[in-house]
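Everything below concerns the one structure shown next.
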Protein chains: 2
Amino acid sequence: MKNIKLIIEYDGTNYVGWQKQKNGLSVSEVIEKAIFEVTKQSIELIGSGRTDAGVHARGQVANFLIETKIQPERLKDAINSKLPTDITIVKSIEVDREFHSRYNSKGKWYSYTIFNRLEPSPFYNKYSAHIKYNLDLDKMKSAAQYLIGTHDFAAFRSEGSSVKTTIRTIYSIDITKIGDIIRLDYKGDGFLYNMVRIITGTLIDVGRGKKSTMDIPKILESKDRRLAGFTAPACGLCLEEVYY
Amino acid sequence: MKNIKLIIEYDGTNYVGWQKQKNGLSVSEVIEKAIFEVTKQSIELIGSGRTDAGVHARGQVANFLIETKIQPERLKDAINSKLPTDITIVKSIEVDREFHSRYNSKGKWYSYTIFNRLEPSPFYNKYSAHIKYNLDLDKMKSAAQYLIGTHDFAAFRSEGSSVKTTIRTIYSIDITKIGDIIRLDYKGDGFLYNMVRIITGTLIDVGRGKKSTMDIPKILESKDRRLAGFTAPACGLCLEEVYY
């Protein structure tokens, strides 16, 4: 029995998310099916975590146990040949039998992309949130500083998944602009349900002047979701890397 | 009567090209239809030049004559509201009555994008050519130098459109690489049919060692299409800007 770790890129536009759902096709089941076509074995793919419908990934990690004579490094090419063009395995390696992509995750890096001009973009509409307002990046950067570190992020999460604690540590939030593209890069030890999207929505509110920088510590302290900003759309979110 | 100049972005994936065709939907007819919906007038849209099926644009230029009370600068928003998400008008302005987007064009800037790693990309598959081979960028850059300037590019064009002369001037070819993305930027006074794609195919052949740098002047001199490289796929090509 080999334990195979995969690094996966996907365009989430046409999927209900990573995890199997009754209402449509999920990324994980498409990959499981491709692995079955290659190996004739039904495996259970363990992802590092869920991504919601429309969310993308350039560094999702998953692992599965399998009995196969195919070289682990070559498995990716065999699986890719059975995958649709919107999902690609970029790496497949054998790892220690104990490795578990979800339990062993020590942190994650997510990016959020904003397309910031009046007219929508034919190229970025599926990969960004289209924000027409002028955004004050300096204010957004100042606001983000209050979120870095270890905090109770109860105000910045959606209900719907049970977690032991709402305390998380954000290592960094980098905000950069190139042309009409604003990119927010979040690195942390873990993120609550919708946390990156709600923080992004709140920072957008700060950038357009609907909220002030000084509102951020108050929202954190309140632990009240209703005080934070809107949940930025799923299509702007991308899981860049999982840390182990 | 006003002469309106448009600057247009489009994802060419789902179109038969800029120009009307019998076998499917063209970009220009979709825009003409949107203009009709806004103004109730049938206009003829004059493009700076054709783009083939699957070719993209971030700076296509077109103009049309119309009698309307809508402010020229506001026309874009009205038209955009009637357009599908893969076409966007980024600018609409009134220009001199004599302005003709094709006849007055003094030059063009095209980009060609190569996605260069073994595995295909979920994000770039519709916007690049996927080349799996290692490409020697230094050799490609040296080869490109022979193409800069005024030459007879008869060897680097497809038959199919009648032109007075096959002599063109290329101002610059810039080749840059960021991560797995190689981008070739071509600026010139005009390009023959498929010229950018055939030059790109030839430079790819040089990059992977199938042709040598010194083959380029020989191919130019031969004026023989059969000696040049393959026609790189349409989806990697993007019309960035038209010069006037």
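Including glycine, each Cβ sits where the backbone N, Cα and C put it.
Automatic prediction, not curation, is the source of TrEMBL annotations.
Given the structure is predicted, the values throughout are model-derived calculations rather than measurements.
What TrEMBL lists as domain 'Pseudouridine synthase I TruA alpha/beta' is A:7-104 (among others). Counting residues of the domain 'Pseudouridine synthase I TruA alpha/beta' (A:7-104) by DSSP class, helix then strand then coil, yields 25 helix, 30 strand, 43 coil.
Look at TrEMBL and you will find A:Asp52 tagged as active site, nucleophile.
The secondary structure of A:Tyr110 (substrate binding site), as reduced to three states from DSSP, is extended strand. Taking a C-beta cut-off of under 8 Å and a sequence gap of six or more, A:Tyr110 (substrate binding site) has these contacts in its own chain: A:Asp185, A:Tyr186, A:Phe191, A:Val196, A:Leu237, A:Cys238, A:Leu239, A:Glu240. Per TrEMBL, substrate binding site is recorded for A:Tyr110.
Among the features that TrEMBL reports, domain 'Pseudouridine synthase I TruA alpha/beta' is placed at A:143-244 (among others).
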Q: Work out, from DSSP, the number of helix, strand and coil residues along the domain 'Pseudouridine synthase I TruA alpha/beta' (A:143-244).
A: 33 helix, 31 strand, 38 coil
Q: Measuring CB to CB from A:Asp52 (active site, nucleophile), give everything in the same chain under 8 Å that is also at least six residues away in sequence.
A: A:Gly12, A:Gly17, A:Asn194, A:Ala234, A:Leu237
